[in-house]
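The structure appears right after this line, and notes come after that.
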Amino acid sequence: MDLVKKGFVLWFTGLSGAGKSTLSARVAAHLQAAGCPVELLDGDEVRTHLSKGLGFSKEDRDTNVRRIGFVARLLARHGVVAITAAISPYKDIRDQQRAEAEAAGVGFCEVYMECPLEVLAERDVKGLYKKALAGEIEHFTGVSDPYEPPSAPDVTIRSDRDSIDDGQQRLLAALVERGLLAPALLSRDPQAVREGDAPSEA
């Protein structure tokens with residue numbers, strides 16, 4: 001059974017604390033447990049290993065996003081589900097990543113992790129939003145730097161209302177509907193999928 005028809009890019013975007021890393025890691029773990037080829041490009045890790053030295057100007061943020069997009073496309077062209085989880089605040093550069101993926105024959109699914117600023121501030125155990133709102137942190141996306149929400153994301157997850165489990169199932173269903181994943185991957189038991197015991201239809 002071909003669980004992944006071909007490699008594609010699953011691009012998470014949203015403000016800090018909106019749940020990008022949490023949900024992307026859950027989806028990656030689910031697909032890996034089912035035997036799918038997956039790589040997760042987390043924004044913090046990319047900053048450390050691939051974009052070290054870049055700052056937080058628009059130019060540097062765009063360069064960081066372009067690097068993530070380039071690596072994701074390379075992976076997807078070789079049959080890998082490339083999952084990216086980075087704030088990627090500017091719509092024009094995100095749209096460019098979609099266009100370049102599609103030009104290369106690579107599927108692209110944009111996931112918007114939406115969450116109100118007041119909820120993000122409440123759940124922020126490090127107090128970064130509070131400091132940013134007080135003017136103590138510069139270039140903080142969503143407060144002192146802009147975040148441009150997607151105008152037409154493929155999937156929107158409201159992390160203040162949707163549980164991680166519900167978000168995962170909605171996202172997997174959307175990927176199945178787009179023909180990027182096999183329906184068997186909707187099973188909540190990825191090990192059964194790997195062993196061929198899961199139903200082939202949702």
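Numbers here mean position along the shown chain, with the first residue as 1.
Cβ from N, Cα, C; glycine included.
These numbers come from a predicted model, not from an experiment.
In this model, the domain 'APS kinase' (6-157) carries an average pLDDT of 94. Annotation source TrEMBL lists domain 'APS kinase' at 6-157.
The annotation ATP binding site is assigned in TrEMBL to GLY14, LEU15, SER16, GLY17, ALA18, GLY19, LYS20, SER21. The Cβ neighbour count for SER21 (ATP binding site), using a 10 Å radius over every protein chain in view, is 19.
Annotated active site, phosphoserine intermediate per TrEMBL: SER88, in sequence order. Around SER88 (active site, phosphoserine intermediate), the C-beta neighbours below 8 angstroms that are at least 6 residues distant in the chain are TRP11, THR13, GLY43, ARG61, VAL65, ILE68, ARG94.
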Environment of GLY14, LEU15, SER16, GLY17, ALA18, GLY19, LYS20, SER21, the listed ATP site - residues of the same chain whose CB lies within 8 A of the CB centroid
ILE87, MET113, CYS115, LEU120, SER159
Chain-internal residues near GLY17 (ATP binding site), provided their CB is under 8 angstroms and they sit 6+ positions away
CYS115, LEU120, ARG123, ASP124, TYR129
